[in-house]
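In what follows, a single structure is set out as structure tokens and then discussed.
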Amino acid sequence: MEAATPLFHFISSHQPLTQKQPRCYSTNFGLVNAAETLPETSPSISLESLSSLQFDYDKKFQSLISVRAMHAKMIKLSTEWDSKKNMQYFISGYLEFGDFQSAAVLFFMGFAENYLYWNSFLEEYTYFGGNPCEILEVFSELHSKGVNFNIEILAFVLKICSKLRDMWLGLEVHACLIKKGFDLDVYTKSALMNFYGRCCGTESANKVFKETSMHVSLLWNEAILVNLRNEKWAEGLQMFRDMQALLVKANSLTISKVLQACGKLGALDEGKQIHGYVIRYALESNILIRTALINMYVKNDNLKLARVVFDSTDNRNLPCWNSIISGYTSLGYLDDAWELFHEMKTCNIKPDIITWNCLLSGHFHHGSYLEVLAILRRMQSAGYQPNRNSITSALQAVSELGYLRIGKEIHCHVLRNGLDYDLHIATSLVDVYVKNEDLTSAQAVFNCMTNRNVCAWNSLISGYSCKGHFEKAGDLLDQMKEEGIKPDIVTYNSLVSGYSTSNCIKEALGMIKRIKSSGMSPNVISWTSLVSGCSQQGYFREAFEFLIQMQDEGIKVNSVTVSSLLQACAGLSLLHIGKEIHCLCIRNDFIDDVYVSTALIDMYSKCGNLENAQKVFQGLEDKTLASWNSMITGFAIYGLGTEAILLFDKMREANIQPDAITFIALLSSCKHSGLLDKGWKYFDHMKTDFGVIPTIEHYSCMVDLLGRGGYLDEALDFIHSMPMEPNAAVWGALLTSCRIHGNVELGELAAEYLFKLEPYNAANYALMMNLYALSNRWKDVDRIRDKMEAMGVKIGPVWSWLKVNQRIHIFSTAGKTHPEEGEIYFELYKLISEMKRLGYKSDTKCVYQNISEVEKEKVLLAHTEKLAITYGLMRTRNTAPITVINNTRICSDCHTVAKHMSLLRKREIFLKDGVRFHHFREGKCSCCDFW
């Protein structure tokens, strides 16, 4: 009894902590008389009731003073004051009223009773607001006062050092263990391995393990866990193999972690072997192992075996249900995940926040962005408060949908619930505002962040860069460095992308060099950003040049690179190279990528091979909106309006909601096919039936549709009724229609606007001169020509090209003539003679020069598309189709000649004239003479 009394003196000598103390392990406990801490009105407790332990443990203390008073009387009067139940009762009392140091002292001094419960003590300690550092403070003070600790206490302190990553105190404890000769104990060794693994790395922990002469089961399990905790998956798995070779038994925690390693490494065969080990040692009933097996099979994309394990589990707990639901959502089986969710509730298992987050994350990662928001609302209605993972998934969905208003609503929720401190949420908010082009709000959120990581900096720099605000992006880059955040490859890649898409190719290339000078290597994203930017800006040749540089540096292309290259192929109509890239896609399993498949459809359509475009489209299992749009656009390019409309109907049957691009493609197909009524129908219904608001592009299509059909006055009225100011595309469509139908008056009106909107666009002047020439108004032709000379506007050369035997042959109105020009003209004269016998007459109206009819016929023979087609007929095998690319709209005479050539030589001819293809076969054209 006397020996125990100083313990209470020690406990009662200090005040409870109201604030967490700094990590400094020196305290000053004064030893005062226990009676001084007892109030005069302390409750009277009889000796009989204490000695017989008739104590009401359910009764709660009213204050810290009552805890101390009761504790003092227990020490003085009870023979069993230090029993396990009493210890735990008073520890909880001290914790409840904030006297964390007294609780820690009591725990240490009664460690013989408490050491099995150290983990729950830590949980309770932190639950009441205690700082685990204070436990170490108490240990240091007790140690300095000469308290002699046994091996269990030292191991416990090591575990706290591990949790707090306190390396120096842990090293002191290790030294103490060595001095006392305790370091050979297996439990101590296990604690040391855990400490070194968390504070110094796996090498130090493995060294402790290797220095141990007796590798018992406990140490093997700890060694494996240390490696796996540090994500040394392969090393941990190898240690498990070595352990099994020595016939050492693994515990359930080790098995579950090794199964996790199999999932991380994609080691399905090893996972199956461990599954066999589980069955062999009759561990199937262990729910922890069963859950780990489900996760392992899911990570290895083997949902079938995961479901077998799940279905054979009798007592499924919540983590087990969450694992299988997570598996279905992560692999895209969202409907099956919902079925499991409902089945789970019928089994009286209540979903938790993890269940809901699995559904949110799965729907986001598989593109069901609207469903993410619906799940969030449903989750809140069910009484669940979204945590940071829930909010992050919702914000990511909002970013993809472009729903700025909903993003702001979620932002308000974040502020109301005090979640704005969270780094992931704040970074996601910056990203939402950046992707919705609200850089002011993005900057405001960024400025309020107290702890900005590199992701937050990158998001804002990317936002300014993509909008072309390079000076601001540069300032942020400098500020980022000043605040000690080192820019990574993502930072520089965002600048490369911004420069590339803003037509600053030279600056983008300079940023690539800057990446190298900073000690990093440009990766596939760096080069792909450059290639993509060139493709988007029409620098197709440069895109292939950068591809060569990329390959020279040993960097392999990814699916995004391939999509950009296919775009370049489409721009240059390089069918052969496009086919080679298609083969590359098949070899590298890019073909299932939605962007690649869409780019392939677009490439084949624009390179004159609509048949292959349809094959790619039909081969898609999961047809996205982009793929439908691309195929409809392909039909529009060839003037196949009926086919485009049929495909649109199939798209609606597949429950794919059309967007603005869909209707641009539909209206384009109608205008190229002369389907005026259909065009009006889709234009009228796009807003009312599909919620798509017409943009300037849709209005431009309608003007073109009306104008080409000869409804020029109606087209002008339509322009005047537009809700927005008509742009150059609208007036250009009207001027083109006026030239087709020879309406000079309206043409002059359209040209007047065009000369103001695009004063240096030579195509507008050329159209007006052609219109005047059709009406023999040669003085007006000269006037326009003089105006062009005065402004320095020049009409570029007209050219056509085709590929023969892997070589490009160019026919141009400027530059060198073709080396085989004589033979080409000889063959063309022969063809014209044969055509005349079939009734062909040259259309001299296509020559806009004030010369004689004979001279006009000679000029017609020199049209580049005629020369290119003739050369193709001469130098290609008889069955091969001929593809000619022309940079201007084909004239009616060349169109007629091409039809005759296809008939006379029985050849298919594909001719691209700027924006659309003409497919000539057996004397007919796919455009049905409407272009």
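Every residue gets a Cβ built from N, Cα and C, even glycine.
What TrEMBL says about this one:
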REPEAT    317-351  repeat 'PPR'
REPEAT    352-386  repeat 'PPR'
REPEAT    453-487  repeat 'PPR'
REPEAT    488-522  repeat 'PPR'
REPEAT    523-557  repeat 'PPR'
REPEAT    624-658  repeat 'PPR'
DOMAIN    839-931  domain 'DYW'
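Taking Cβ pairs closer than 8 Å, the repeat 'PPR' (523-557) reaches residues 489-490, 492-493, 496-497, 499-501, 503, 505, 508-509, 512, 515, 563-565, 567-568, 571-572, 584 in its own chain, all 6 or more past its ends. Within the same chain, residues 318, 321-322, 325-326, 328-330, 332, 334, 337-338, 341, 344, 393-394, 396-398, 400-401, 403, 406, 413, 417 sit at least 6 positions outside the repeat 'PPR' (352-386) and bring their C-beta atoms closer than 8 Å to a C-beta of that stretch. Within the chain carrying the repeat 'PPR' (453-487), a Cβ under 8 angstroms from the stretch's Cβ atoms is held by residues 423, 426-427, 430-431, 433-435, 437, 439, 442-443, 446, 494-495, 497-499, 501-502, 504, 507, 518, all 6 or more beyond its ends. Helix, strand and coil content of the repeat 'PPR' (453-487), in residues and according to DSSP, is 26 helix, 0 strand, 9 coil.
Helix, strand and coil counts from DSSP across the repeat 'PPR' (523-557) read 26 helix, 0 strand, 9 coil.
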